[in-house]
Amino acid sequence: MPVSKERVSYYYDPEVGSVYYGPNHPMKPHRLCMTHHLILGYKLHEKMEVYRPRRVYSAELSNFHSEDYVEFLSRITPENQQTFASDLSQFNLAEDCPIFDGLFKFCQIYTGGSIDGAVRLNHNQCDIAINWAGGLHHAKKCEASGFCYINDLVLAILELLKYHPRVLYIDIDIHHGDGVEEAFYTTDRVMTVSFHKFGDYFFPGTGDLTDLGSGRGKYYSVNVPLKDGLDDSSFQRIFKPVMNKVMEVFQPGAVVLQCGADSLAHDRLGCFNLSLDGHAECIRHMKKFKVPLLVTGGGGYTKSNVARCWTYETAVILEQKLKDDIPLNDYYEYFADGNYKLKMQPHTVLDNANTKQHLNSLKATVLENLRAMEHAPSVQMHELPPDSYLPDYFDGDEDPDVRISQSDRDRMVTRGAALASEGTKVLGVPVGGDAFVSEECGKMAVSATSVLPLLEELNDPQAQLLLLRLCAQRKFLGRQDIT
């Protein structure tokens with residue numbers, strides 16, 4: 001098979017697949033395990049760099065979310081939730097967004113994949129980053145919403161804005177990307193484009209054609225409200241001309257594409273009628289623009305079809321062709337619903353309410369609004385903020401009798417061949433002899449404990465924090481010395 005010309009980074013942590021929202025809840029993170037093992041079955045992992053995302057810090061989550069909300073998520077558990085009864089209502093944690101074991105850790109991991117992908121794109125370490133665990137687009141600044149707790153998309157876009165004057169967000173989930181749109185509703189540096197079902201009291205009830213943004217952000221929120229039964233040809237009839245115009249007038253430096261799979265046919269909560277090809281055509285089209293691309297998951301509530309969709313779209317990103325027969329994998333029997341085939345067939349009896357006249361009217365209105373916006377708004381020069389990354393390090397209190405998990409081992413290292421070269425020094429501390437090869441990724445890595453001697457000499461916590469930020473920033477920039 002030919003290898004994709006783009007450099008692709010893929011993020012996955014098996015811990016996200018063990019999360020359980022509760023009985024009868026439609027959100028099943030187990031779909032991520034199924035997706036990953038199907039990717040392994042097709043040997044797609046051999047064509048890309050595979051990374052385990054780190055767990056982000058509370059301070060990083062607070063770059064968008066309120067500190068009290070982040071602190072609440074870090075403290076709440078099923079055992080103590082009764083003591084936080086008033087906070088549960090304030091932060092909108094109810095049936096849709098339940099409290100479950102490992103909630104905050106889950107948020108840290110899926111958000112870490114999106115932020116780390118954005119950092120790699122910023123430093124030209126990859127052309128496309130994939131985080132199927134991310135894409136939780138409903139979470140708001142101070143509350144959970146629609147099965148989403150932390151909005152990894154907003155945090156990843158904020159990271160991309162450190163290096164790119166303009167970032168484009170595209171959402172093809174059947175539900176409107178309200179959390180992302182709300183976060184950037186008044187700015188012209190981020191354009192949000194959402195193709196979604198609208199009307200009939202469909203969640204979240206936002207995303208009308210007339211929702212255009214406000215202030216400097218007017219015309220930078222693009223909403224394409226669609227009706228039941230949307231099929232492949234109807235979708236591409238409006239997606240491609242709209243996105244062509246968006247790319248022409250906005251000229252983004254990076255693109256974030258949320259690929260919620262609930263817009264597929266046969267979804268538990270959806271009412272569209274897209275096939276795998278119709279859904280994946282959006283990725284094919286956006287790849288043609290050769291702009292740094294972060295691809296995430298999102299909704300999707302028929303587990304087997306979600307795994308089919310995101311595996312197929314991984315192959316599209318890698319420009320690989322897949323056999324229709326599902327390969328043997330740990331979840332092979334889950335695909336019996338489609339006779340163990342990759343391609344699922346759309347409904348044959350579902351009417352498409354999106355007539356040509358309706359789509360033409362939508363397209364004409366959207367294109368007219370795009371013509372009214374300023375062409376590729378500029379950004380004033382400013383000091384480059386540090387990367388959203390702080391290396392973990394041991395504080396010396398670990399129990400030597402407790403086995404360290406692979407995830408914790410990964411978090412003990414910071415990757416970067418530049419810092420691992422012989423004779424390299426980090427703030428005057430030699431690290432050449434401290435370098436070792438990570439068993440998982442086979443890449444040179446440097447232990448974060450290299451800077452511990454200097455950290456211990458610094459009594460000021462603020463100075464310690466600055467030191468760690470400098471280490472992280474210079475590591476990604478590939479500097480040989482930090483002074």
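Please read every residue number as a count from 1 along the shown chain.
In case you wondered, yes, glycine gets a Cβ from its N, Cα and C as well.
Per TrEMBL, the features are as follows:
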type	residues	note
ACT_SITE	HIS138	active site, proton acceptor
BINDING	ASP96, GLY146, TYR301	substrate binding site
BINDING	ASP173, HIS175, ASP262	divalent metal cation binding site
DOMAIN	25-316	domain 'Histone deacetylase'
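Using the Cβ center of ASP96, GLY146, TYR301 for substrate, the list of other same-chain residues with Cβ within 8 Å runs, in sequence order, PRO26, MET27, HIS138, PHE147, CYS148, PHE203, LEU269, GLY299.
In sequence order, PRO26, MET27, LYS28, ASP262, ASP267, ARG268, LEU269, GLY270 are the residues near TYR301 (substrate binding site), counting only same-chain partners six or more apart with C-beta under 8 A. Spread of the substrate binding residues is 14 Å (greatest Cα-Cα distance among ASP96, GLY146, TYR301). The distance from the Cα of ASP96 (substrate binding site) to the Cα of the residue listed as 'active site, proton acceptor' comes to 12 Å.
Take the CB of HIS175 (divalent metal cation binding site) and look out to 10 A: across all protein chains shown you find 27 other CB atoms. Shown in sequence order, SER145, GLY146, PHE147, CYS148, ASN151, HIS175, GLY177, ASP178, GLY179, PRO204 are the residues of the chain, 6+ apart in sequence, with a C-beta less than 8 angstroms from the C-beta of HIS138 (active site, proton acceptor). Between the listed binding-site residues, namely ASP96, ASP173, ASP262, the fewest other CB atoms within 10 angstroms of a CB are found at ASP96. The Cβ centroid of ASP173, HIS175, ASP262 marks the divalent metal cation site; residues of that chain outside this set whose Cβ lies within 8 Å of it are ILE174, HIS196, GLY260, SER263, LEU269, GLY270, GLY298, GLY299, GLY300, given in sequence order. When other Cβ atoms within 10 Å of the Cβ of GLY146 (substrate binding site) are tallied across all protein chains shown, the result is 21.
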